[in-house]
Amino acid sequence: MSPPISPTPPPLQPPFPPTAIARGPDRPDPPPQHQQAAESLVNAAAQHVAPTCPPTSDELPQMEDQATNSSNDSLIPSRQAPDQEETENAITAGTPPDEMEPTKDAQTVRFSSSSPASYSTHEYPTEGINEPRTSSRAPNTASSQMAESSCDFRSSRDIGSIRMGASALVSALNALPWEEDDDSDDGEDDDEFIEPARGSSSTIYERKQRPQTPSTSHGFHPTHTLHFPFRQNAIARRACQPGTTELDYQYATPETSSRRTSAAGSESSSEGEVPLPKGFVSHPNLIVPSGEGEAAAHPDPKLISDRITKEQQIADVEEQAEILRSAEEQEMRLGKEFVPPKSRDSADLNVDAALREGGSEREDVIEEQMQTNEAEKRLTRNEKLAERLMEVFGLEEREEVLEEMKCWLLRSVMLKGYMYLTKRHICFFANMPNENNLLVKSGPLHKKASRSKLNTKFWVVLKNDVLSWYESTSDPYFPKGNISLQYCHSCDAVSGTRFKVRTSERNYTFTADTESSRDEWVKAIQKVMFKTQHEGETIKLIIPLEAIVDVEKSPTLEFTETIEVKCIDAEDQMSVDSYFFASFPDNDYAFSAIQKLVRERPSPPELPRISSVTTIHANQEPLDTSHATIKRHGTDSSAEKLGMASHRPFRKISSVLKPLILKSSDGEPLEEHSQGPHHNDEDASHLPHIEAISNRRRSEEESDNDYFDGYPPRQVGPPPPSMNDDARNWRPSWIRKPASKLFGSSPSGSFVSHPGRLPTDSSTTVTESGPSLRSRTGRTKQASVTEVMEPPIQYEEEVSEDEMSNKPSVVDSNSAETARKRAARLSWTSETSSGSQMVKSKSDFSMLGSESGHSESAETVRKFRTFFALSDKEELIDHFPGYLYRVLPVSGRFFISTNYFCFRSSQLLYKTKESFRLMIIPIRDLYGLKAQKAFRFGHSGLTVVIKGHEEIFIEFRSASRRKACIALLEERMEAVRLSGENTIVDSHKIEARIMEDLDESTPVEPKSPWPVSPSPLFGSTTSTSFLEFKPEPMKITCLTIGSRGDVQPYIALCKGLQAEGHITKIATHGEYKAWVEGHGIAFESVGGDPAELMQMCVDNGMFTVSFLKEGLQKFRGWLDDLLNSSWEACQGSDLLIESPSAMSGIHVAEALRIPYYRAFTMPWTRTRAYPHAFAVPEHGRGGPYNYMTYTMFDQVFWRAISGQVNRWRRNVLGLDATTFDKMEQHKVPFLYNFSPTVVPPPLDWTEWIHVTGYWFLDKADEKQGEKSWTPPQGLVDFIDKAHGEEKKVVYIGFGSIVVSDPEEMTRCVVEAVVNSGVCAILSKGWSDRGSKKGEPKGDSEGADGVKYPPEIFAIDSIDHGWLFPRIDAACHHGGAGTTGASLRAGIPTIIKPFFGDQAFWAERVESLNVGSSIRRLTSHQLASALIKATTDEKQISKARVVGEMIRKENGITRAIEAIYRDLEYAKSIIKSLPSTDDRTPERISSHLHPLTTADLSFNRVRSRSRSRSRSSQGRFSPRRHTVDDDGWSVVSGGSRSRSGSASAVTSPERRPLNIGSALGSHVFKTALLPNTFGKWRNLEEGDDR
């Protein structure tokens, strides 16, 4: 509410000159209140000070003289009194708002009308006039309070320090349309005068400086800067950009003014009239120009125009500067580079935050410190979003965006995009990903051979758009075969776990391990096919509200609720298309918003119809136009709206999996040639008729074509005449496509288009020429859903032959040839498939050393791309014959292209080299080239060094070929390094960002370089591998024992799981409690002393005979304590992750009936690729030995603990005794927390075994609430000093190892450091744990009686993550965590293994050539290893490459994804609890093969099992009668307990109450989970294995 208007304000004596207040017969007296208020403001402007109190009688003559002088020299701004200049400078400096408090004696002057009647007559809303809320610079003034109360120029509300020249304020007031203004908005309520922030719908213009010519008789008004806040303001709008009406008004003659005034007085209430501010009274002679003549009133128009243009340019510059300064503060994203300001629309412009300083050389912008107004921020964003929505979707007019929501569009693929709700449309926008070097999926699959029909297991990799298979995961450059998904027809699941990939030439059959794995592969391949065949395209879906039939919720997905929008098909009124949207931020809110929008949609006459080329005959039989691409020539208003997308052809894709192409009777695809603009109007006006005839002819000729799928029925007879009439006079507003499904077949369309990559994949091309197709007046078209798929723009330097054919001048034989080539691309026969790539290489590279001396032929390029499955963008530069050495030389030909170095063997029948007949190496992976002597006489050798791979040896018959090959490869290596990423601006990325740059949500999470599914587009729709899906928060327990290195990875994993919302707990040894809880993780203690365990392992070796004998004596009680404490620690868990070394997890999970995972730091699953980590030989012994080590270890390990474990199962867990085979440990999901770069996954591992990458824990020693870790004093100086002396710094430490002779080890280390000439950082760590009490311990000066030289800096412990990147090499014991840390830092690693898995990591480091292994620690061997690690450039470079690859991994993220993916599988293998009733039927074997035989009772099976067990024990265990149930033996393993009671059903009395007592027969039957992997093993097979 505005303040009350004082009816009788105190009289004021305004200091106006006599000329300004002279009255005559033609100048009636204005109302005194109005005059006094206005004159106070104008007087303040004349003196360039804030309004002050009225002048006294002594000051009045001086004021009159000044006013007279300035009136005479009104056109000369430089004539100002010196005191005025001083005042101006003082005011320009500014007065803080907090100093501008009015005193008590300040007088208040208010505007008021002369009478209530006149006030009501002229009570107009003043939109925008209340902004900006400027503060007066002079305190204690009546004028200041008058302005605050009347004009709402309040002093400091929502703004900071504001400088404002009063003259500019008056200029802004003069710019207001006091008379009729056609550009003004309609009046609104007076409430907006009080709250301008809510009424922010006024149009905003940028500033234009007004000409400095007098418009009133008040004399000269000096121009100065008016600093407004960065917000919408009507005053600034008129001052910045005066319209023609305003200029005519201000510079009009008295006669014109009188005429306008009288007209305004007679039509004061007319619609569209801009009212006066509240309190002002319209008067005919209020602002009549002075009588200085018409010359003064009419300045030179050219001068005015030039001044306005100049001020417009200055305002543009200042506005952009202010926008850039305040964009970050106000959180505005303007997208400047995407929407160039070609035309300045009033709705897109903001008021200048600062106006130009008139006559001043300084044109800086003063930043305004103010709080962000959220309402204005949303309004500004919505305005920009509406503009961009009109640009991107090509809407005919700007529509206000009511809602903006992220969601998914569900079809055969799931597209993530944005939904926009307007009053007339539902719009959806998605951008197809365009990423290179993207690993989509990899894993083992069986491939069926084409001739032998045998299945061979390969490691299959889906990368980019190529599906390749390899014999080994460690040989990524020699694929056995590949498939380019760009030319694939389909990928479908067949019977069992098989699926087929179909191409034009042959079919490929693959077999997965499980059906879920098969489905994931099919989904991944299908989505890559779609992405590849529509790379870089944008998907736009426009649903008019009048086409919507119903909106309802639909449980389409098993893990989320979808919203189904049903739309009527404009082509066929009997069919309804459904569009499914899911994964809204709030599904209920989105559903209610869409429903509300549909309910409140305007009536049909109010909605503009969305025209479509296929809806002109909506009531007739639908014609197939799915292959039609309609293009127009000339200009169009709609094309201007579309902007950069207006010249692109649109394609509507109906199906991805069924690329069927229509053919004519002669087998050639139909194509109508484009009509150029030289055709007459009669021909052009019948183009839609031509389209209809073409479609009808296709429909008739397809009677014998098997591509027809039977629905809808074929059209019979010619189209009705009404359709032709409609086609002649109708012109679409912009190019649209029919309403059929984008990715799935629609009931209204019987044919599907080929999902090719080219932008002109169409069998019918219709060109709209000029303005021949006119819009029909008075007739509306039925709205249809528009689906547009826009191909990427090809730049001028990459104009394709298809684009050339669409030019107007091409209507000759060349066009026919181009059409034939384009049709060949669409055909899927073997001949035309090959022809689809027959595009001449446009290589501009030099043909160095080329035998032919010219560029390669199109046929050679085609074969090259086809054989190596490369894209059409890959250009062949040259090729050479030569030999590739693996074991023996393999003859073939080497190919060099823009990005690849390839080899193809010519010895196709040479079976021993079959695996090496194909080589594809990316040039970016080449590290170097080196010429060398050949192995054979008369040849020239070449060594190719590859990053992260072994060297490759090549031979040529002549030195000239080798020289040419080296020159080309070096040229391409340099070009690839310099080019980096493509810098060409992708228009579709721009358009995608146009819709996404205004998104206010959180930033996108960084993608994992080794993702299970790199983006949601490639995620499976199943709930276990869909990345957007997260299970409900769970209580997850991690169970592990061992050293610090065994516990640390679980801390990292638990922190990642906590970030996902889960509750985590670690159960391990009690000495780690403070460390674990310091990271905010719950802790449970389990039994066992890790120091004693390590001492025994070091003394006896891992699982040797002496180790087992000592274990029989010492660790029987240790194992019982471990088992019981593990059971107690895991209570209340929803999911269990265990290290296999804990030995109890699988039994605890079975008793708790919870999903169970295993995780370990070394290989534990049987494979032929690597030996067991506890049985690594000094030299490799091959696959059979490796597999045998796992079998032997599993059997021995189980025999050693089975007696105690089975007794614990019966007495504590209430479970039956088990065997090694019954546990089925090979079916348990496994997470290996080491890098696939270091240990590539073997082919014989199943899909639920994941090599995730290292689980690094940065700053492991830090605790919550404590300050960050700092290095020991002097360590940084030691490292810097060594590097300054050009010495290498190495780390030597054996952290968690108990050394039997620490004195000898210390002396050996010191001698090796001195002899190698390096500086060392020595950490003994836990080496003192095994020492006896009372022995002296080491310090920084020495230890074990050995004095440290200056080259050694001794520490107790160190953060490896901090230290390793600062040094040159590391020597340690080879623990999994320490090895991962040194490899991650990219430094050579020396390992001295002591026990356990350390020998395995030493072997891997040596195999990768990133370090050395020392089997026996001597000073000589250690010194040699240190010298090699610090001087061998090959080893240093290889370690650097491996470090880069490891740093790109995200092991924790991949581990969590694997947990989600296999969660359902882990639940499916949970074993059922035993029955409490002998009459309970035997458990079913599988949900696929249930046992239905009624005569198989549990008693009969149990008796057979018991008899067989006893007979087995009679043969193999003669001591069965002398061994007690509680006895423990490695050989017998408690045989009597297993034979006597292992298979017997435990009575309810012997079970814990919380497990067995509540279980009845019915509960047991209903609680059974199906076993997906075949039948359960029959109990009669016996208990012992």
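Each Cβ is built from the backbone N, Cα and C atoms, and glycine gets one as well.
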With the ranges 289-309, 352-372, 604-624, 625-645 to choose from, which does Swiss-Prot describe as region 'Disordered'? 625-645
How many neighbouring Cβ atoms, not counting its own, are there within 10 Å of the Cβ of Asp1397 (UDP-alpha-D-glucose binding site)? 22
Residue counts in helix (H, G, I), strand (E, B) and coil for the domain 'PH' (438-530), per DSSP? 19 helix, 45 strand, 29 coil
Please give the greatest C-alpha separation between any two of the UDP-alpha-D-glucose-binding residues Ser1043, Arg1044, Asp1046, Ile1358, His1360, His1373, Gly1377, Thr1378, Asp1397, Gln1398, in angstrom, as a whole number. 22
Over the span of the domain 'GRAM 1' (387-555), how high is the average pLDDT in this prediction? 85
Three states by DSSP: which one describes Ser1043 (UDP-alpha-D-glucose binding site)? coil
Reduced DSSP state (H/G/I helix, E/B strand, rest coil) at Gly1377 (UDP-alpha-D-glucose binding site) is helix
Let me know how many other Cβ atoms fall within 10 Å of the Cβ of Gly1377 (UDP-alpha-D-glucose binding site). 26
Set of same-chain residues at least 6 away whose C-beta sits under 8 angstroms from His1360 (UDP-alpha-D-glucose binding site): Thr1378, Ala1381, Ser1382
Count, for each of the binding-site residues Ser1043, Asp1046, the other C-beta atoms lying within 10 angstroms of its own C-beta, and report the residue with the smallest count. Ser1043
